[in-house]
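Among the features that TrEMBL reports, domain 'Glycosyltransferase 2-like' is placed at 14-123. Under the heading transmembrane segment, TrEMBL lists 113-136.
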Amino acid sequence: MQNILPGESKKVDVIIRTFNSANTLDKCIRSVKKYIPYEKIIVVDHCSTDLTKDISLSHKVDYYTEEIGLGFATKLGISKSTTEFLLFVDGDVEIVSGTFYSEGLKYIQSKGVGAVVGCSVGYIFAYGLPLGLTIFKREFASEVKMPDKIQGRETYYFQESLKKNSLKVRYVKDAMIHRSEYRQMPNWPEWQGAQIRLTPGNHYRQILWALAITFMMHFNSRKPKNIAYSPIFYFKILVGFMNPEKWGKIDRRKVSL
């Protein structure tokens, strides 16, 4: 049952791009159903080998599968949407705020705003454009161009479109919990570094920005072990950045190898 608050009359299509998300997807979809006045929940799956499909279908979502890449999955989800606004939710995100959507809806309808990001609970900094919990106007999202076969860094293409159209990003605090399993994988930093190098634009500006964001993420956690891990993470992400041929071609389903 949807808990729709006053002012939330505009329904939204929810896009969830998945890969082997069985451990977190059920909580994700349940939280969408609880807090978001959705028209459709659209799951685009990258040929998962676990129970992602079964969990998706048990919730009676619109389920699609692809084996091309994250760019294709992103555009496919957008193409299946019909509402004025759309909401990207990562399969490892659990929405915990009953006011995120109403706040976000006010922001996204404001002049000059192109995206609204829901931040993790307790994070004191708001930065960048993650798609973990993000509202866009469908008209804007439909115009974003990106290669089909990219495996990461799709946010770069959204950021460039926002910049081109002089649109701002707004943030809603304490909106969700992010239980990223990818970040627990040993070669995740190298893979991320390679994706930055393979993305168009000023690579060195992007890597510096990524390192700054990493520090803020670790500082946000306020855990000494995370802050102490920062130099190791920096080294590993730079290893991937300097050797994109090795690390960038690893399928994101095999990042743990």
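The backbone N, Cα and C atoms fix where each Cβ goes, and this holds for glycine too.
Any TrEMBL annotation is an automated prediction that lacks curation.
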Secondary structure content of the domain 'Glycosyltransferase 2-like' (14-123), with strand meaning DSSP E or B: 40 helix, 33 strand, 37 coil
Model confidence over the domain 'Glycosyltransferase 2-like' (14-123), averaged pLDDT: 96
